[in-house]
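Asks: Could you have a look at this structure, given as structure tokens, before my questions?
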């Protein structure tokens, strides 16, 4: 699912800022301690932001009067099948890159993620836009509707409802999208990546803790197998150009915004633990004790697990799958807390349902595509966490 790889001190393959290998070129690059610390620290902070705010937003969107706006629920059956589907998809991508031209595949993926990225970033921005939008400006309502057939057999293909505020968000997001398409700049990549991650944590809901354990346990095995057992994940990670990873340059101090030697963290290592942490926050709310014990314990566990991954990588100078450390930490810490508090049975019997924070405003008022923003999140996170799990890789790009 994700891999951490130490910075080699030997000659590295020279790669450009898009991640493609430069032909007949090598470059000696050894990151400075300051550059490495800045890159890893920034990646950790960027990973924590969508988990924290996505979890908070997941509480407020867990109840919706409009079924089209309801989050997508992951059941135990979905969780059990997910690692198998993800493995098939990953291997399928591997074969595609072996058979077809990488250039054309990535061109199609760029267009696909341009559309998803614009929608995801617009959804992320919409709560802030709702607060700063001038009351004096009329907020008009719009609808884009595509149907198929006629009469009783008419079927909606796209039902896209939006207002002036959403339109402004779409315009701003489209500018970022064009920037990403033309330049593949790492800042544009991160804006889309953060939006994907936040939407995933907010809109993908585990129905109970047991389902979360099944999902994390299955992807734990998936991650270890595809990282240590084969070169499939590494090959796909190097070939796949899409904003489903967060990156930060290790040579930022030397080259500024034009830096090109990146450390990377895959969105799968953010979203998968993130939806489990969000579930525990909803469990905290359901207890009605005015505390967030399980949320904070799992959040700190995530920080510990990610830090441990980096520590082991540098100690043993060997690639590490991040979920190898994140899963035991994110599951183990809350379970121990529940044992100490005598709430283990209550935690595992909890069913994520309709709890919302009192007096919390709705923050998911965003255009619906094919009826639901949850379907958008599902599409995004299938790609982000299932089809090509990226690795944390401080290598020259």
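Every residue gets a Cβ built from N, Cα and C, even glycine.
Here the structure is a predicted model, which means the values were calculated and not measured.
Positions annotated as transmembrane segment by TrEMBL: 37-59, 79-97, 103-121, 188-206, 213-237, 262-281, 293-316, 322-340.
For each feature listed, report its degree of burial, its nearest neighbours and the pertinent distances within the displayed model.
Replies: With a cut-off of 8 Å between Cβ atoms, the residues of this chain six or more beyond the transmembrane segment (188-206) that come close are 46-47, 49-51, 53-55, 57-58, 61-62, 71-74, 79, 113, 116-117, 120-121, 123-124, 176-177, 179-180, 212, 215, 243-248, 267, 270-271, 274-279, 282, 352, 364, 373-374, 376-378, 380-381, 384-385.
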Asks: Where, among 37-59, 79-97, 213-237, 262-281, 293-316, do we find the most CB pairs under 8 A to the transmembrane segment (322-340)?
Replies: 293-316
Asks: Do at least three CB pairs under 8 A connect the transmembrane segment (79-97) and the transmembrane segment (262-281), leaving out pairs fewer than 6 apart in sequence?
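Replies: They are not in contact.
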